[in-house]
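Peer 1: Questions regarding the structure given below will be posed in turn.
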Amino acid sequence: MKLAIIAGDGIGPEVTAEAVKVLDAVVPGVQKTSYDLGARRFHATGEVLPDSVVAELRNHDAILLGAIGDPSVPSGVLERGLLLRLRFELDHHINLRPARLYPGVASPLSGNPGIDFVVVREGTEGPYTGNGGAIRVGTPNEVATEVSVNTAFGVRRVVADAFERARRRRKHLTLVHKTNVLTFAGGLWLRTVDEVGECYPDVEVAYQHVDAATIHMITDPGRFDVIVTDNLFGDIITDLAAAVCGGIGLAASGNIDATRANPSMFEPVHGSAPDIAGQGIADPTAAIMSVALLLSHLGEHDAAARVDRAVEAHLATRGSERLATSDVGERIAAAL
């Protein structure tokens, strides 16, 4: 296995070190290459993501990312120049966000309900393609547009992936959109789910408007198994899903090229948290969860399950104990 590591900014290097510690414990001998990308490189060279680095990243099986972002860099420079560019260059058309409430983790929802679903979010289309513009900027007559781009090809490949995941899970898929208002894009998504669903007669299909889905995520999260949705709605509901499962500090994600032509990238959802960087108190659990996603994607299902069980055991027993970053990694690695 060839792994590219982008530790990034803030607490990124700290949590990534613990994730790699767990990876080495469960799958020894991984060939690792670290890339210095983020604020430090930007300040030193003016570069964000050189073409040569993109070419090198393509030669790896997967990418492990820590966190990107620093207040010393103008907002959007690293996000667009690094994260979004990687997404489009490597065709990460699926953003995978598991949502599970682990034993021992408190949910803001009363009764700590059973929560275990996954959101399959389209990652390269929708309103995030940069298709828009503005005229008469700064005047009372300013007009600004953002065009949501949805292609039959792009929608179908994400929907097909979601059905495959539903078949391997509890065989239930929910399309989340807003078809009553976004009739053109919504119609494409709805028709595609109906068409692809014909090949999956064992998977039950449901539809919810995005506003209703946010309500049910709070009042009845157990109804969801696999959610498939577009880029914008997915961006919003995945953070809500993380919140009801204990917060983004326990949320992992995968940015996936389902064709496997390019390496997929796995990362904790949390940010770089520069205010606590270097103090050794950042929680690396989400980064370690990202390792489980990475291993599963690469077909190392037994190793992925071992990491997940070790994380579950750690969360079930740590309670309110405050642990150093390295202590968390060592505990989880020892439980493998």
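Using N, Cα and C of the backbone, Cβ positions are placed for all residues, glycine too.
According to Swiss-Prot, the protein has these features:
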BINDING   R87, R97, R121, D211  substrate binding site
BINDING   D211, D235, D239  Mg(2+) binding site
BINDING   G271, S272, A273, P274, D275, I276, A277, G278, Q279, G280, I281, A282, D283  NAD(+) binding site
SITE      Y128  site 'Important for catalysis'
SITE      K178  site 'Important for catalysis'
Peer 1: Taking the Cβ of each of the binding-site residues and counting other Cβ atoms inside 10 Å, which one has the highest number: D211, D235, D239, D275, D283?
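Peer 2: Its Cβ has the most other Cβ atoms within 10 Å: D283.
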Peer 1: In Å, rounded, how far does the Cα of D283 (NAD(+) binding site) sit from the Cα of Y128 (site 'Important for catalysis')?
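Peer 2: The Cα atom of D283 (NAD(+) binding site) is 30 Å away from the Cα atom of Y128 (site 'Important for catalysis').
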Peer 1: Comparing the recorded positions R87, R97, R121, K178, which residue's C-beta has the most other C-beta atoms within 10 angstroms in this structure?
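Peer 2: Most Cβ neighbours within 10 Å: R121.
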Peer 1: Neighbours of the Mg(2+) site D211, D235, D239: Cβ within 8 Å of the Cβ centroid, same chain, sequence order.
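Peer 2: Going along the sequence, the neighbours come out as V210, T214, L232, F233, G234, I236, I237, T238, L240.
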Peer 1: Around the C-beta of Q279 (NAD(+) binding site), how many further C-beta atoms are within 10 angstroms, looking at every protein chain?
Peer 2: 12
Peer 1: How would DSSP class Y128 (site 'Important for catalysis') in three states?
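Peer 2: DSSP call for Y128 (site 'Important for catalysis'): coil, neither helix nor strand.
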Peer 1: Non-local Cβ contacts of I281 (NAD(+) binding site) (under 8 Å, 6 or more apart, same chain)?
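Peer 2: Expected: R322, A324, T325.
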Peer 1: With every protein chain in view, what's the tally of Cβ atoms within 10 Å of the Cβ of Y128 (site 'Important for catalysis'), excluding that atom itself?
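Peer 2: A 10 Å sphere around the Cβ of Y128 (site 'Important for catalysis') contains 19 other Cβ atoms.
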Peer 1: Between D211 (substrate binding site) and K178 (site 'Important for catalysis'), what C-alpha distance do you get in Å?
Peer 2: 8
